[in-house]
Amino acid sequence: MDNRYPIGQFNCPSEVQEKDIQMWIKEITTLPSRLHALTVSLDELELTKTYRENSWNVRQLIHHISDSHLNGYMRMKLALTEDNPVVKTYEESEWAKLIDYELPIRVSLQLLESLHERWTYLLKNLTATQLQRTYQYPDGSIMRIEQSIALYAWHGNHHLAHIQQALIRTK
């Protein structure tokens with residue numbers, strides 16, 4: 001197993017079924033509680049553990065998930081209100097060096113809980129037409145909202161697995 005991708009790399013589905021969307025929305029919905037359950041009792045030393053050499057630590061992973069999912073939510077809202085908008089990318093590794101990544105993880109866990117409540121309410125109420133709306137990355141690649149739902153469900157599970165790996169590595 002490649003510990004960079006403990007659940008495998010993301011494979012963007014070309015065709016999406018309604019049952020897939022419902023499963024991904026459920027994963028997005030439950031991510032904050034799954035993260036909270038896994039990390040609520042961690043001490044400072046455990047928060048500094050990494051899942052592999054030179055990787056982000058548990059604290060950085062939690063703050064990153066919050067940042068990334070905030071961006072994902074905004075990308076979807078842009079796609080719903082504009083015609084195939086070009087979305088901005090960001091330097092994730094540089095964001096992880098900013099001072100707010102030193103905050104207690106409860107700050108990002110609270111943000112994720114509120115964000116995911118709004119996000120999943122939106123997702124559960126999208127029409128079939130809205131699920132087909134798109135946004136575009138600066139490189140020209142296009143993502144449908146239904147594919148983006150798959151991406152962020154995978155993303156949350158991907159980093160949850162990283163945190164699990166880091167905590168196993170600490171024992």
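Glycine is no exception: its Cβ is also placed from the backbone N, Cα and C atoms.
Listed features, source Swiss-Prot:
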BINDING   HIS64, HIS155, HIS159  Zn(2+) binding site
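Features recorded in Swiss-Prot, as mapped to the structure shown.
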residue: HIS64; record: Zn(2+) binding site; CB count, 10 Å: 20
residue: HIS155; record: Zn(2+) binding site; CB count, 10 Å: 19
residue: HIS159; record: Zn(2+) binding site; CB count, 10 Å: 22
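Neighbours of the Zn(2+) site: apart from HIS64, HIS155, HIS159, residues of the same chain with C-beta atoms within 8 angstroms of the site's C-beta centroid are LEU61, ILE65, SER68, HIS69, GLY156, HIS158, HIS162.
Secondary structure at HIS155 (Zn(2+) binding site), as computed by DSSP, is helix.
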